[in-house]
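Among the features that TrEMBL reports, domain 'NADH-Ubiquinone oxidoreductase (complex I) chain 5 N-terminal' is placed at 66-116. Per TrEMBL, domain 'NADH:quinone oxidoreductase/Mrp antiporter transmembrane' is recorded for 132-413. Sequence annotations record features per position, and here TrEMBL assigns domain 'NADH dehydrogenase subunit 5 C-terminal' to 418-595. The transmembrane segment annotation in TrEMBL covers 6-24, 36-53, 83-103, 115-133, 170-188, 241-263, 269-290, 297-315, 364-383, 403-430, 450-468, 578-598 (among others).
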């Protein structure tokens, strides 16, 4: 069978299937048609994946002439390779589950059709980003997911926090866009090409690669550009699941994977990725430990896992970063959907301290939360184990920055602590909510997506491990303690979490650590102190420098003050003694006449 032709055909059919509900006349069943379209696109994208597993597959590039800038042709280029063929079915499967879940979660929203249109456009932009053959098409998909994330995060626009969170996401992503555009313009002006195949043959300067890293850091919420990720929880839960599982937030890491041939020989870029990822993963894990909002705990865990992916890029292992993207998509989307189910059944309660005992009233949801949390911890034979175990093994056998690697291992142990904290507060102990609240799991539209993702969280790691990890036999020479390091770190975090549960989690805390350590004081520093300082500086500049100095002291007051001294001198000389002045005048005239007569 002609695998490239099959891959291109299936990709084209998938995109057309997703596009069909948008171009067809709007009907009252648009939201249901959207679910059918995403489901159909998923099944269409599967055949090339199985053929790729059984046969060797080379990259297929489809290019259409579009336009030119100077001497640089800017084509509409689509690249079908291992990454796009494997990621597309995963993104479509996760999106199918989220779209189906949204039918239940958003059924009372009177703008549900517009909501599903936004979801479809978001998914189309993500598919375009994944399969882009050059930087221009990737940037179009990049901006597409950014714009739609703004609209989806701010869906509840009547709430001020939602509008502020949407604007915050846009502003932080604009920083990355500056880096991305700088790289594109530099390549156009100096290299006359932005196609990946041609870029990989060049030796780029370090500032160009740093610009790409800045772009990735803003989109993937790395340290310094991270506050928007937790704020994005103001959007509906399906939006949180879509943005923070397999789509928008991994776009930055996916960019680094795409341009990895440019990074692999640049020690500065690799060290930057390693250190940035290590700092991001440990601070996000620390923030997750102090949160009480169930959605924000999961959001910070996403940021921590993104930092782990960037660390893997810094270790020169892009295929492991991509492996973790794929496994992470299943259990993270499931955790968000489970949190939405809990919040919905508890009348919009998101504080985990007001939950408890849900294993009796919501057994399926709490079971899936447990599966997702265990997969996030890296429990053996679940999806997260295969990718995290390989990453931790690579960390232990590498010879790069030791402190960054130690910090990453500490963050990995923190993962077990906050994962068990969710299980402890949500599922175990006694109920801490209103006993009159009625909760049930009878709606198959809500439960089927969660069950589907739970199956993926269990078996996806094994399947992807056989697909992505090289099948050639390798001689394992690492010591046993290195081999089981990931498991040991998770067990250590698990034991710490159990100890904390017995000591402090059951006591009333008089300190609100969720606000004091929240995103490492960034809301106070970046969003309040810095704008306040700039505002005061601008106010002083306008009032003291422009208004006081120019308009007053150098204007009317300046003119008056410059003319006042000579006037005062004249006043001192001319004191109004008219007789004296007349006598002096007469005396002066007489003296002048005498002098003239004598002459």
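Here the Cβ of each residue, glycine as well, is placed from N, Cα and C on the backbone.
Keep in mind that TrEMBL annotations are predicted by a computer and have not been checked by a curator.
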Remote residues contacting the transmembrane segment (450-468) - C-beta distance under 8 A, at least 6 residues beyond either end: 53, 86, 90, 93-94, 97, 101, 319, 322-323, 326-327, 330-331, 333-334, 337-338, 341, 364-365, 367-368, 371-372, 375, 381-387
Mean of the pLDDT scores, which run from 0 to 100, over the domain 'NADH dehydrogenase subunit 5 C-terminal' (418-595): 71
Outside the transmembrane segment (297-315), six or more residues from its ends: residues with CB under 8 Å to it: 216-217, 220-223, 226, 229-230, 232-233, 240, 244-245, 249-250, 252-253, 256-257, 260, 263, 270-282, 284-285, 287-288, 291, 321, 324-325, 328, 332, 335-336, 339, 352, 376, 388, 391, 394-395, 398, 400, 404, 408, 411-412, 414-415, 418-419, 421-422
Long-range Cβ neighbours of the transmembrane segment (403-430) (under 8 Å; 6 or more residues past either end): 274-275, 277-279, 281-282, 284-286, 288-289, 291, 294, 297-298, 300-301, 304, 307-308, 311, 314, 342, 352-353, 355-359, 366, 369-370, 373-374, 376-378, 388, 392, 395-396, 485-486, 489-494, 496-498, 500-501, 505
Contact set, same chain, for the transmembrane segment (6-24): CB under 8 Å, 6 or more residues outside the stretch: 30, 33-34, 37-38, 40-41, 44-45, 47-48, 51-52, 57, 60, 62, 78, 80, 84-85, 88, 92, 117, 120-121, 123-124, 127, 131
Distal contacts, the transmembrane segment (36-53) - CB-CB under 8 A, six or more residues away: 1, 3, 6-7, 10-11, 13-15, 17-18, 20-21, 80, 82, 85-86, 88-89, 92-93, 95-96, 99-100, 120, 123, 466-467
For the domain 'NADH-Ubiquinone oxidoreductase (complex I) chain 5 N-terminal' (66-116), the number of residues DSSP places in helix, strand and coil: 29 helix, 13 strand, 9 coil
